[in-house]
């Protein structure tokens, strides 16, 4: 087993390891788990695998009705006192709609591929997400979760890639709240060090057999985009911005924050893998469950993420039960989420702290931990004074 063990990774990679060993805890999150994925599967009750199209559609109807009601109310009252409340609520519902489309992409919405595709296109196109383009790249994320080079979502930058980025790009990537606005750019350009577009059928993201699917989703996305432009001419750009644009930005911030926290920001440094050290199980065990307080039900328990990553075919409404049943198998590889109040303020602290210190991983080693760039937030003028 090869592990990155230079001085910086001792300090920044897993600074709590020594203290844990002194206390006799001795738990290494990067150690091979004493169970197999089949053991976890066997612990999950049979009813958790059952998909109900009617139940899934009921959540779609619930969310669409809520979105429509909020929009009608906001336009009717047209009060600058109420608009900020509308933006926060509607942006949150857009995020909930994304999660349902996400379930369609996994096939956990139903066992009917046509239904999944139609509903997924309607939901995701409405919030300017290319359904098949995102679905396929997200499948790549699940198949390679926790792998430094092959993962797709919020993948860590190897040191050589990080050090070759302009300082301005690093600041944009690691200065809150800017990373929380990155999703539209990711759809167009992917992450640093990766190439391709979620809209281009000939992108390296997709196989030749998938090009027609990508063209279909890009067409649906374009129809929605053109519709928004037309509405801007009819009702004015400010009206469209208030009713749709600002909630869309809130949705993007929800998406970026939640997906980041699925894989970052735990008090205990968690490993990333390469080569023979990576496996589907070990990668999946690096994901993190989160408690979002009153938002758990609103965004369809997306914070219950460990079991989802290992078994994405389980419907969202069974994830809590499945997790409870699997905990005894996972043991210390399952990290109980910190209990949230009504509003998950503690997660903002975790998000900011992680972005400020989790910058890159070593270029070498099959098991690596995040390291910190101590000079990132030192401005060029300050560096010249130091030198």
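All residue numbers here begin at 1 and follow the chain in the order shown.
Just so you know, glycine gets a Cβ as well, placed from its N, Cα and C.
Predicted automatically and left uncurated, TrEMBL annotations should be read as such.
If you look up TrEMBL, you'll see 1-33 marked as region 'Disordered'.
TrEMBL lists 17-71 with the feature domain 'Fatty acid desaturase N-terminal'. Within the model, the domain 'Fatty acid desaturase N-terminal' (17-71) carries an average pLDDT of 88.
Marked as compositional bias 'Basic and acidic residues' by TrEMBL: 17-26.
TrEMBL lists 59-77 (among others) with the feature transmembrane segment. Same-chain neighbours of the transmembrane segment (59-77): 83, 86, 89-90, 93-94, 96-97, 100, 119, 123, 242-243, 300, 317, counting only residues six or more beyond its ends whose CB sits under 8 Å from a CB of the stretch.
Look at TrEMBL and you will find 80-335 tagged as domain 'Fatty acid desaturase'.
Here TrEMBL flags 114-134 (among others) as transmembrane segment.
Long-range contacts of the transmembrane segment (213-235) within the same chain, counting only residues at least 6 positions beyond its ends with a Cβ under 8 Å from a Cβ of the stretch, are 121, 124-126, 128-133, 136, 198-201, 203, 206, 244. Per TrEMBL, the feature transmembrane segment maps to 213-235 (among others).
Under DSSP, the residues of the domain 'Fatty acid desaturase N-terminal' (17-71) split into helix, strand and coil as follows: 36 helix, 0 strand, 19 coil.
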